[in-house]
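Visitor: Below, the features straight out of Swiss-Prot:
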TRANSMEM  98-118  transmembrane segment
DOMAIN    101-393  domain 'ABC transmembrane type-1'
TRANSMEM  138-158  transmembrane segment
TRANSMEM  245-265  transmembrane segment
TRANSMEM  340-360  transmembrane segment
TRANSMEM  481-501  transmembrane segment
DOMAIN    482-708  domain 'ABC transporter'
BINDING   Gly515, Pro516, Asn517, Gly518, Cys519, Gly520, Lys521, Ser522  ATP binding site
REGION    728-766  region 'Disordered'
COMPBIAS  738-749  compositional bias 'Acidic residues'
COMPBIAS  750-766  compositional bias 'Basic and acidic residues'
Amino acid sequence: MSVYSKLPSQLKKPLVKKAVVLLIALYGVKKLSPYFFGKLKGRTSKQVKGADPLTSNGEPLVEAARKRKRSPAVNREFFDRLIRLLKILFPRLFCKELGLLGFHSLALISRTFLSIYVANLDGQIVKTIVKKDPRAFVVELTKWLLIAIPATFVNSAIRYLEGQLTLAFRTRLVTHAYMLYFSDQTYYRVSNMDGRLANPDQSLTEDVVMFAASVAHLYSNLTKPILDVVVTCYTLIKTAESKGANTTWPSVIAGIVVALTAKVLRAFSPRFGKLVAEEARRKGDLRYMHSRIIANSEEIAFYGGHKIEMLQLQRSYNSLSRQINLILFKRLWYVMLEQFLMKYLWSASGLVMVAVPIITATGYSKYDSEDVKQAALDMKEEDLVSERTQAFTTARSLLNAAADAVERIMVSYKEVTELAGYTARVYEMFEVFEDVRDGVYRRSATEVKPEETGAPQNVTHGMRVEGPLQIRGQVIDVEQGIKCENLPIITPTGDVVVSSLNMQVDEGMHLLITGPNGCGKSSLFRILSGLWPVYSGVLYKPSPDHMFYIPQRPYMSVGTLRDQVIYPHSVQEMQEKGITDRQLEEILQTVSLRYILEREGGWDAVSDWKDVLSGGEKQRMGMARMFYHKPQYALLDECTSAVSIDVEGKIFEAAKDAGISLLSITHRPSLWKYHSHLLQFDGEGGWRFEKLDASTRISLQDEKIRLETQLSGIPKMQQRLTELCRILGEDSSLPTPGDEEEDEEEDEKQTERDVQSAGKEKDLME
């Protein structure tokens, strides 16, 4: 009070005091606005201003800008993608999803009209309180309690139907995605041939769930609020007109406030779609890191690599944590602005919008009769007070409902931007699946112009094809034989291993494939199996049903012991084929696995077979599958490397007796006698296809002995060279073993293994 008394008398006037307060407020806004807007917009301008020609991760700014341009946003591309996905959610006019949507819409409409009825009841209850009419109060309160029963049921039904709609959408998307994912070996090619989809498991699970939930929730958050706004505004206007109130100014105020709020929120809204899409991507990276550690836990434990793996895992988690913090920070300022506009500014505007009609109301409409007008003029003051109180309570309840609806509509824009992120990820998943199914592969997510596409007509060994690989070759299914005409072997990364391969394997021929590591042996099997495409040339081969591939590490499926033998058939398919358990037992006897049946407890025993069976047992189980399916051609990729020589010979002899043509990759000379032809790669893009007769075996054996003789002195010579370098204090001009490439080390290890096994197997060679 002492400070106030010392102010000049001019400042004590109400009008002057208001002007001073307004000036102080404007000055504060002027000083704080740069800080506020700077926080709201983030650090974008700073990053662009101080950016280097390369981004922090080495990415060119042009490419980074192009990626930002393609980031999810609410634009025409978003609506086009959403429409295509909605066609998957609603495949036909009469479907389950459309029926659920109809019931959901009916529940939302019912809730709107119940809200209007409850608002009128609120006004009636307040009127009875003002009039001090206890009997009427009890009657109106009873109505209010009775209407609560259907109202609560409708509220619960809305949530239930929204959950059912989310589940139906998810089921429809998952079904469609699985059909694409498991058609034409897409599940393999999307990870090994195409580089656009980093984490298919993330897209198939979490992204689909978030998209389905977002669509269902957004429908509720848009349909009901829009209906609420239309119905409540119509009710308010009709009520005001019936009492002769002014409806022009409230409508103008409402329009200005809503338009201003929408403009401000739109201007300062962060790009939630881009932020959410990036968060989902980083979640997928973190999940991949965890699954990678689980899949390679034994190797990591042998190396003692837990520290580096923990650092990589923490780095991935910290990346996700930074993204979540960024989203929370941007939401902090956005929600603050949103609450100020929608809670305080709208509340003040609502009071004005309610007060103006009540103050200007005459109590009758211009269309009313003279008797009604006179009755309104003759109404007692206490009745007028109760009528005004009822009108104020009803109008304010309806106006609050309308304001809440408008707020939800405007807040839904943030949800729409988040939906744009989920839509982009799900749409891109389907796009990649469809492209891969149609043979269109991209090794990165970057855009490439059509004229920059790769796979030229003429390729040479050692070159790398840049850009998307175009498939110009032909694959022709034939009844018998395998024939390659000018067939190149090109890896998914574009490396040309063999420029042109020409060979023919007729029925009854048994082909042995040899060569150093990385020369294209397994790559040829991938092409024959249809995993890799034929980029040029012509490949004649039987249908996939007549070819069976057995890798070095056979896959053990989830199921019974019987399921391991008949994989990938089911029990029903086995029965349709006419195979009995007795015949399966004979197959196990052929591969020396009969004891497994007794050890594991019969055909119906269920175990984690990849851990229960040893390496040799798993390889013999893979050969058992070959005898079950009885293909025309068996592609054997070192599939008996862990099997003893005697059992291996027994299995190969039985396969030949069964009429199965063998195409074998092996380093064991003991298997040469089971093959009639040889395909030898030299590792430099060259190859040799010839009949494997006695002279060929002798020449190969002579070459082997010569190499053994040359290699036997290498350790001593290397040791002597090291001693001389140490005495002279000089370094050797030859590369040390530690500097050799990884594939060369593997070649030496394989050669040493061949040398060690040569003596043991020499007596078995013909």
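Using the three backbone atoms N, Cα and C, a Cβ is placed for every residue, glycine included.
Can you walk me through where each of these features ends up in the structure?
Guide: Taking a C-beta cut-off of under 8 Å and a sequence gap of six or more, Lys521 (ATP binding site) has these contacts in its own chain: Ile513, Thr514, Gly515, Asp637, Ile665, Phe681.
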Visitor: With DSSP assignments reduced to helix, strand and coil, which class does Ser522 (ATP binding site) get?
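Guide: For Ser522 (ATP binding site) - judged by DSSP and reduced to three states - the answer is helix.
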Visitor: What is the Cβ neighbour count of Gly518 (ATP binding site) at a 10 Å cut-off, with all protein chains included?
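Guide: For Gly518 (ATP binding site), the 10 Å Cβ neighbour count is 18.
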Visitor: Who are the chain neighbours of the transmembrane segment (98-118) in space, where the CB to CB distance is under 8 Å and they lie at least 6 residues beyond its ends?
Guide: 90, 144, 147, 150-151, 154-155, 157-158, 161-162, 164-165, 168, 219-220, 223-224, 227-228, 231-232, 235, 397-398, 401
Visitor: What is the set of residues, excluding Gly515, Pro516, Asn517, Gly518, Cys519, Gly520, Lys521, Ser522, whose C-beta falls within 8 angstroms of the centroid of the C-beta atoms at the ATP site?
Guide: Val497, Ser523, Phe681, Gly683
Visitor: Let me check the 10 A CB neighbour count of Asn517 (ATP binding site). How many other CB atoms are there?
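Guide: I count 16 other Cβ atoms within 10 Å of it.
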Visitor: Return the average pLDDT for the domain 'ABC transporter' (482-708) as a whole number.
Guide: 88
